[in-house]
């Protein structure tokens, strides 16, 4: 039963991703690729131009919408009278999640304004692991026994707990299914 449910959801996800691109999206991408000013547009983006605010027009730069509290806004287009108009909007599910969660709480600053990266030694700074995704990594220590002299040594590293990894994967999958 679990496998049939899993494969059913997987089938629906693949079907959704296959049907999500319309012919209009494909022609817009082909037109953009064939434009003469393609290189100049890339150079302009690389200069670090500002993002487009919510409810402002994004017809010329569909990937330049600003980020909300947590999620990035999407450029939604509406064709009216032969002319297309695009506006940066926040997805409904993102609005609900952001209103429920509120502002992202700031984490306390670790020692020396630096945190211990993933898989690095955290034996001396067990509470200073970096943040990975939504959650902060945890310092996990293991007792290692040396084969040659039989001594036990403690090996510590910043790792992501399985529960956190599963929650992040589920949220990513849900976001992919909805949006």
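Cβ atoms are placed via backbone N, Cα and C, with glycine included.
Straight from Swiss-Prot, the features:
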DISULFID  51-66  disulfide bond
DISULFID  58-75  disulfide bond
DISULFID  65-88  disulfide bond
DISULFID  77-86  disulfide bond
DISULFID  115-130  disulfide bond
DISULFID  122-139  disulfide bond
DISULFID  129-158  disulfide bond
DISULFID  141-156  disulfide bond
MOD_RES   178  valine amide
SIGNAL    1-20  signal peptide
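All features noted in Swiss-Prot, drawn onto the structure.
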residue	record	DSSP (3 states)
51	disulfide bond	coil
65	disulfide bond	strand
75	disulfide bond	strand
88	disulfide bond	strand
122	disulfide bond	coil
129	disulfide bond	strand
139	disulfide bond	strand
156	disulfide bond	strand
178	valine amide	helix
_Run through 58, 77, 130, 139, 141, 178 for me and report the recorded positions whose CA is within 10 Å of the CA of residue 158 (disulfide bond), in sequence order._
130, 139, 141
*For the disulfide-bonded residues 51, 66, 86, 122, which Cβ has the most other Cβ atoms within 10 Å, all shown protein chains included?*
122
*Report, as a single number, how many Cβ atoms besides its own are within 10 Å of the Cβ of residue 156 (disulfide bond).*
17
*Could you round the CA separation between residue 115 (disulfide bond) and residue 139 (disulfide bond) to a whole angstrom and send it over?*
12
*asked:* For a quick check of packing: other C-beta atoms within 10 Å of the C-beta of residue 141 (disulfide bond), how many?
replied: 12
*How long is the line from the C-alpha of residue 86 (disulfide bond) to the C-alpha of residue 75 (disulfide bond), rounded to the nearest angstrom?*
6
*How many other Cβ atoms are found within 10 Å of the Cβ atom of residue 58 (disulfide bond), counting all protein chains shown?*
24
